[in-house]
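Q: Grabbed the feature section from TrEMBL, which reads as follows:
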type: SIGNAL; residues: 1-19; note: signal peptide
type: DOMAIN; residues: 60-379; note: domain 'Peptidase A1'
type: ACT_SITE; residues: 78; note: active site
type: ACT_SITE; residues: 264; note: active site
């Protein structure tokens with residue numbers, strides 16, 4: 001699976017049924033039991049995540065096992081996705097990735113449905129306006145982090161465009177909010193506490209991890225944890241309601257709006273509607289301009305170090321008090337464009353109507369995804 005997963009936000013499917021695919025990050029650890037449930041049947045478990053760095057921190061990914069006997073795959077654990085997607089053995093274009101051999105699994109079943117999806121992406125340093133997948137719907141058992149195997153609907157890639165070839169991970173594993181039929185939701189019904197913890201640090205820190213059924217208390221000990229309620233209309237996705245964006249404490253009318261933000265562990269950077277993107281860049285630097293057709297922006301690499309822009313996203317906690325989540329100045333550039341090494345891509349891409357926040361913010365916090373209490377926590 002490739003780098004379009006860094007911000008694969010919009011897909012169109014040409015058949016019935018399947019929809020969202022997204023990127024993911026892995027390596028979890030657990031500690032706090034915030035929903036105070038006792039006597040649960042499934043204990044929490046933490047798994048380490050590997051790191052994909054190419055000009056910037058792109059993905060954090062970990063291992064899953066599929067089938068009987070199990071076959072191993074590296075996937076992005078994606079809170080912005082509902083589905084599990086891995087390559088099929090029949091995929092001749094899935095170069096360099098592990099593929100699933102259905103003939104070896106005694107628990108495999110096929111729905112005999114095929115789908116085609118197109119993606120418009122602009123994340124990382126190789127913006128693309130068109131990537132595609134062909135995939136089929138199947139069912140088999142899946143296990144993660146030593147937790148009990150779960151019978152799961154998933155999708156096998158039978159063909160893919162070139163944009164996916166470079167990624168070091170094989171697929172995507174959906175971790176959406178209250179996503180019925182997902183691995184996490186199925187385990188919750190079996191007794192796993194409905195909470196996850198993600199530690200997705202930058203490449204200079206390493207040791208990323210994901211914890212299912214709890215959090216890694218060692219990551220939050222002695223730190224203040226700010227909890228923000230999940231947007232009441234959210235389903236399938238982890239959405240928080242923001243009241244304002246600002247840059248170095250300065251804002252404007254376009255940024256003083258209430259908006260729902262998707263928190264997406266499978267997205268590398270940020271994606272906002274064009275008017276929001278350009279309102280932010282107007283406060284950061286007039287030297288930042290659109291680059292190409294994919295919603296990417298950039299500026300001369302020689303100018304990056306002179307711009308010290310902290311981006312603040314304001315929310316309200318459960319008591320109505322403001323909570324500010326910040327993206328520090330060093331996140332401004334994600335590295336030189338491949339086709340123009342003198343120009344550096346900046347961290348915000350212009351998309352459609354949705355607002356997505358990914359690794360640029362998440363790697364500066366230990367994040368708590370607390371489905372049981374309908375909230376997210378951020379410790380720093």
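Note: Cβ is positioned from N, Cα and C throughout, glycine not excepted.
TrEMBL does not curate its annotations; it predicts them automatically.
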Q: Measuring Cα to Cα, how many Å separate residue 264 (active site) from residue 78 (active site)?
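A: Per the Cα atoms, residue 264 (active site) and residue 78 (active site) stand 7 Å apart.
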Q: DSSP three-state call for residue 264 (active site): helix, strand or coil?
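A: DSSP call for residue 264 (active site): coil, neither helix nor strand.
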Q: Around the C-beta of residue 264 (active site), how many further C-beta atoms are within 10 angstroms, looking at every protein chain?
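A: By my count, 30.
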Q: What is the total of other Cβ atoms whose distance to the Cβ of residue 78 (active site) is within 10 Å?
A: 32
Q: Roughly where does the domain 'Peptidase A1' (60-379) sit in mean pLDDT, to the nearest integer?
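A: Mean pLDDT for the domain 'Peptidase A1' (60-379): 93.
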Q: In three-state terms from DSSP, label residue 78 (active site) for me.
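A: It is in a strand.
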